[in-house]
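Visitor: Right, I'll just put the structure down here and ask away after.
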């Protein structure tokens with residue numbers, strides 16, 4: 001038993017939805033048996049950032065279908081009906097257990113063989129489990145990870161089961177920081193444990209990290225840094241305490257784990273070239289086998305801004321843009337679509353804070369603005385940032401509390417590699433270095449993370465609020 005398609009998208013995350021929309025807009029829809037999306041989830045593709053933000057709100061939290069792709073970029077809401085109307089076959093709740101790149105076939109767990117002429121791999125990444133560090137207990141009823149709706153539903157259920165209880169958050173990265181904020185908002189006491197000296201160690205400078213740690217502490221979060229979980233005490237299928245390598249024992253009514261992710265490349269090991277933990281692709285998002293493209297978290301692609309260095313970037317913006325580019329390259333033919341020119345972009349919003357980062361945090365960090373801890377200032381909303389200067393040019397920029405124009409200005413400074421003649425002068429001018437170079441930011445070309453055509457579910461303003469904790473400004477970056 002089997003089916004054959006011209007194009008198959010393997011994976012049902014953010015990238016799959018944006019690839020489907022790009023396909024329809026360039027191709028006018030899909031004819032019978034032309035395009036298929038295979039996903040092991042039971043839902044059409046959706047905007048995953050909502051899971052660590054609005055989905056965890058104590059009141060009026062959104063649920064599907066309100067945040068299917070592509071509402072996160074102020075575009076169409078792609079429900080299952082949309083896919084049907086445009087001739088796209090959704091194969092949901094289906095796991096692919098093997099792939100044969102040479103034969104161009106995929107074998108599902110039900111025994112069906114699905115063949116393709118062109119494959120887009122959008123398998124994303126999986127959460128790293130504690131067992132990979134020699135700690136058992138991930139199957140406990142109150143231990144939570146966060147990658148999909150099923151995980152988020154478990155997290156919500158566990159939170160509601162222990163109001164006012166103690167949560168241990170293992171990990172100091174994106175998931176840890178955003179989940180910790182959500183737990184506090186749900187009236188749960190939070191202790192964060194991670195092995196580094198500061199939170200967000202892969203991105204933040206120590207100065208920036210100290211600000212956010214102080215802010216979180218002012219909201220009741222306790223930090224246990226430079227410490228690792230060695231075991232968990234379990235009773236009746238639930239964790240009751242977390243034991244650390246330094247001898248401390250932390251009482252726990254629930255545990256949230258965010259210790260990293262690994263790209264889902266296993267189906268293609270030994271068949272496609274890998275690099276940096278992902279499937280290596282060229283600037284057209286094409287893998288070592290010309291019939292295969294890879295997008296999103298699973299793709300390792302050359303970043304022009306970094307001199308063509310191959311990077312794997314785990315963020316929703318990258319998933320959206322690489323998906324669109326791959327479909328454009330796939331449909332337009334060799335040579336007609338150039339290589340992707342991506343400006344790396346990351347953001348987060350927690351409590352009343354909102355930051356964005358562009359480029360690369362390589363080189364000398366030059367801070368600006370007021371990084372005074374909460375309670376030390378005048379009560380105004382914080383606004384500060386940093387530039388990273390490498391070889392006399394701006395390689396990256398971070399900004400907390402910016403306006404639309406200001407975010408656009410710092411992004412433009414990174415994109416053009418603004419020249420820095422004097423680091424001391426850069427520190428003195430701070431944000432003005434970027435905004436004055438663009439005439440005060442110019443006309444905003446940015447948009448709220450909002451939605452069109454979903455008024456029956458939520459208003460545009462309400463969607464913007466829960467999608468990004470009063471969503472961040474997101475640039476429509478065409479430069």
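Cβ atoms are placed via backbone N, Cα and C, with glycine included.
A quick note: this is a predicted structure, and the numbers were derived from the prediction, not measured.
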Visitor: Among 293, 347, which residue shares the NAD(+) site with 172, 173, 174, 175, 176, 177, 178, 202, 260, 314, 315 according to Swiss-Prot?
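Guide: Candidate in the recorded NAD(+) site: 347.
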Visitor: Quick check: of 34, 41, 332, which does Swiss-Prot put in the same FAD site as 12, 13, 14, 15, 48, 53, 147, 148, 297, 316, 347?
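Guide: Among the candidates, Swiss-Prot records only 41 at this FAD site.
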Visitor: If you measure C-alpha to C-alpha, which of 12, 53, 148, 176, 178 (binding-site residues) come within 10 angstroms of residue 349 (L-ascorbate binding site)?
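Guide: Matched binding-site residues: 53, 178, sequence order.
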Visitor: Helix, strand or coil by DSSP: which one applies to residue 53 (FAD binding site)?
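Guide: The three-state answer is coil.
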Visitor: Please state whether DSSP places residue 349 (L-ascorbate binding site) in a helix, a strand or coil.
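Guide: DSSP assigns residue 349 (L-ascorbate binding site) to strand.
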Visitor: Using a 10 Å cut-off between Cα atoms, which of these binding-site residues sit near residue 320 (L-ascorbate binding site): 41, 53, 148, 174, 176, 260?
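Guide: Near residue 320 (L-ascorbate binding site), where near means Cα within 10 Å, there are no binding-site residues at all.
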Visitor: With an 8 Å cut-off on Cβ-Cβ distance and a minimum sequence separation of at least 6, pull the same-chain contacts of residue 178 (NADP(+) binding site), or say none.
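Guide: The list for residue 178 (NADP(+) binding site) reads 52, 53, 348, 350, given in order along the sequence.
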